[in-house]
Structure formats: structure tokens, C-alpha cells
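S.K.: Encoded as C-alpha cells, here's the structure I'll be asking about.
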């Protein structure tokens, strides 16, 4: 039982609340006209991530509109490789482009020593948000999980099949293990520093967890996440961690049991009845409305919201999407969702 006045933190501590707390992944984003204006003011996407005043502003924008129970730091999972001195850029219409890590020589060019100096503007954003958000709103810090971040670092961009990343994992296992060890260290350092600046909970995004076979999932998704959870629990006791092993399917059950996360975020493919029976007795569940229902709106949206609420609100639960809000989402549909979740009587 949590003594917190913040519903989001109470739910993560195991309380069942009616209505459940809610926030949405990518709640600060291109679907909001005020975000697009601030983004234009910033210049590049990374400039926005590293401008603490503007990053704070875009984090607060959806709170003003919708009254979410949590704010999530506005940043990107690729600030970690950027801070490790890998070249990272975001190209309009293309997404992230990185100078790929393919060899021991490439790996030797990465440097942990400047991590905190490089990420100082992000920590400043966290500090400003901690002071700016409403008293009942929780502040979530986050990072990409080592496997997911490694896919971008090795591929040099997004990928459909992760051929280069898996090629290193299977064909150069020692090199891959060295990269993952560096990412576990850097990610842990980064998250601890976010907590020290005011983050009250952490979410670890493993967007490409579902791409791995079970033995590699066990080592590189469960194993690395467990290390991060244990470190946070030891060094900053009381700060809950939410894991998001997107696409993990049946392996969600092992992930929850073996990482010991406080909460788990469910993608839209996870059956609700199964999540309620198999996952919710062990940790708080978060999710899992399909983001495209939020684009569609109308009765389909209402029915989708109700289906999730009916299935999961009998135990510790945080309402969310199964992945991030997409740019075509009408802001009025988000208002409709907020009103419906806030009005839920069980």
C-alpha cells in the first residue's frame, strides 16, 4: 500500500483504484498543434530533446489538455548512444540515422566518460518538470532497453528484420556482449540520475523484444532488464519500474516473474483475460488500447476503452495504449478517452 497522494504511484504499489489512473505513451507528440509549434521553434528533434525549457513545455502540454495522472519526460531512447559519442541524427520522413557499430574498432569509439555531461540538459528537464507538474501527477523517467537501443546502434536505423543486429548476436557473440554490457551500464547510470533529479517511476521500453527467440529473449531482454531493476531497487529503493517488452507474447509471463518489475506495459496483442489471470496477480498491468482505435474514434473507441477497463480494472491497473499515440490522432478523440476513463465506475 502506498502512502502517496498520486494515483499512478498508488496503482504501481499494488492498489486497485476506480477509476484507474491513466496516461498515454507519446502523449506529448505531433498530434498536438502546440507540440508542432514548439518543435518548429526548437529546430531539430534532438535540439528539442536537449532544450530543457522546450522539452519541459512539450511534456506539460498534454497535461493541460487532458489531466493525465502521469507526465513522462520528453526525450528519446537514442540520446544514450548519442551521449556515448555514436553519431545520431533524425531525418525528416526517415527517422533516426546512426553511424553503425559493426566491429570491435567501431565499439572502441564509444565512450561512457562523457555520458552525464552530454545528458545534463535532460536531467535539467526532469528537475524543471518535478517542480512544474501538479501535486497529484507523477513524473516518469525512461530509457530504451539495451536490446532495443542496440538494434539501432548496429543497424544504423530502424529495421524490419534486425539482420545486422542478430548477425552480431549470433556470429560475433563476444562483441555483442561487450556492447550490451556497455548499454546496461550507461542505461543504469542514466536512469539513476533521472531519479536523483525528480523522476518518481521509470519505464524501460523494449520495443523490439518480440524479435528474439526464447533463449536470446531470456539473456538479452529478461537478463538485462533484471540487472537494471535490481540496480534501481538497491540504489534507489522505492522507485517502481515498469517494463515494456513489446511483442513478447507468452514470454510476458516469464518477463514479469524473472525481472521483478513493479508494472508491465501490454501491447495490443496481449489477450486481456490472460493478462488478468497470469500477470495481474504478480504486478500492476498497464495498457493496452490499440493506438489506431484512438485515430478511429466514435463508438469503436468507446467499445475498445470499455473492453480494457472491464477486463483489467478489478486489480492493480493503469490505463494506457498498447504503443504510442500516432500523429494522425485527432486531439478530440484523446479528450473523449480521458472523459470516459475518468468517468469509469467499475
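Counting begins at 1 with the first residue displayed.
Keep in mind that glycine also has a Cβ here, set from the backbone N, Cα and C atoms.
Below are the features listed in Swiss-Prot for this protein:
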BINDING   26, 27, 28, 29, 30, 76, 152, 207, 323  substrate binding site
SITE      76  site 'Transition state stabilizer'
S.K.: Tell me the Cβ neighbour count for residue 323 (substrate binding site), meaning other Cβ atoms within 10 Å of its Cβ, over all protein chains shown.
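M.R.: I count 22 other Cβ atoms within 10 Å of it.
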S.K.: In angstrom units, rounded to an integer, how far apart are the Cα atoms of residue 26 (substrate binding site) and residue 76 (site 'Transition state stabilizer')?
M.R.: 10
S.K.: So which one is it: of the binding-site residues 26, 30, which has the fewest other Cβ atoms within 10 Å?
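M.R.: Relative to the other binding-site residues in 26, 30, 30 has the fewest Cβ atoms within 10 Å.
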S.K.: With H, G and I counted as helix, E and B as strand and the rest as coil, say where DSSP puts residue 152 (substrate binding site).
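M.R.: The three-state answer is helix.
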S.K.: For residue 30 (substrate binding site) and residue 76 (site 'Transition state stabilizer'), what Cα-Cα distance in Å is obtained after rounding to a whole number?
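M.R.: A Cα-Cα distance of 14 Å.
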S.K.: I want to check the contact list for residue 28 (substrate binding site): same chain, sequence separation of six or more, C-beta distance under 8 angstroms. What comes out?
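M.R.: Listed in sequence order: 35, 58, 59, 61, 62, 72, 74.
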S.K.: In Å, how large is the greatest distance between any two Cα atoms among 26, 27, 28, 29, 30, 76, 152, 207, 323, the listed binders of substrate?
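M.R.: Largest Cα to Cα distance for the substrate-binding set is 23 Å.
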S.K.: Residue 152 (substrate binding site) has how many other Cβ neighbours within 10 Å of its own Cβ?
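M.R.: Result for residue 152 (substrate binding site): 27 neighbouring Cβ atoms inside 10 Å.
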S.K.: Pop the Cα-Cα gap between residue 323 (substrate binding site) and residue 76 (site 'Transition state stabilizer') into the table, whole Å please.
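M.R.: Between the Cα atoms of residue 76 (site 'Transition state stabilizer') and residue 323 (substrate binding site), the distance comes to 15 Å.
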S.K.: If you draw a 10 Å sphere around the Cβ of residue 76 (site 'Transition state stabilizer'), how many other Cβ atoms fall inside it, taking every protein chain shown into account?
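M.R.: Its Cβ shell of radius 10 Å holds 17 other Cβ atoms.
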